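The following features are taken from TrEMBL:
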- 1-27: region 'Disordered' (REGION)
- 7-23: compositional bias 'Basic and acidic residues' (COMPBIAS)
- 92-116: region 'Disordered' (REGION)
- 138: active site, nucleophile (ACT_SITE)
- 140: active site, proton donor (ACT_SITE)
């Protein structure tokens, strides 16, 4: 596109642009605007206009915090052109005092759920956690880093279809018993397949779970595993953690004498929705526990937090963060070390 004006006009316009650039980038720090080291100098009139507009509108770009290298907010650009990265901006009203100063700016963190308050436990939550007589753990995606039934299905060649059902069940969109039956019907594992799976795929524990269980036992708390998974796969996990088999509530795969799959034991409490609160209530009455805590990642774990069952539900988001569940938890943690440290 051809530029208008004479050559002298264009040269004069270029000088004016350089003058404006020097005025914007070369002046001493403006009381309402500061250029962070992350800003690169550009030769674009559009960006000069933008900076002047920011000053006149009293809009303050927030300085970047920490390393200016390759970060999620400011990724490194490998290009021959230099780029400018603008941090978040904050509007300011007119100053009411010539001596007033902008408040200190702190970097913000945000979870995908938009909830930050339950990542820091209240005094009441800490009190329950520290005084609990018993602590109950979900197994899949909590004690272990995977969903046992998904792993078994994948081993048997039906991983994707089963994983979709698991996501629905853990999100609470379908009754658990319906999802359990549907998943098992997709691949019907034989006894030999389960045995082969257990031999070739040993349990993968979440970081810090062994230390947490040990700390709980040292603190005089009884540890339980309450899972919608299967005893055949949970018994090895309990053995590693030193949890006795009588402290396990889980489902049971059933097989014919030939070793063919024949279903699951529907009498197990955790084979249906509402099973986990029922199990917690059962053990609470049997042992006379005054305070019980449930730790897990799914909707069936959240169900346990109600009168007469678990006094507190702690959502573990270190493997799967289910927003509908974490938002209702008394405490959301991503690292078991937080729970360990709070007991010291």
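Heads up, the Cβ atoms here are built off N, Cα and C, so glycines get one too.
When other Cβ atoms within 10 Å of the Cβ of the residue listed as 'active site, proton donor' are tallied across all protein chains shown, the result is 26. Residue 138 (active site, nucleophile): 25 other CB atoms within 10 A of its CB, across all protein chains.
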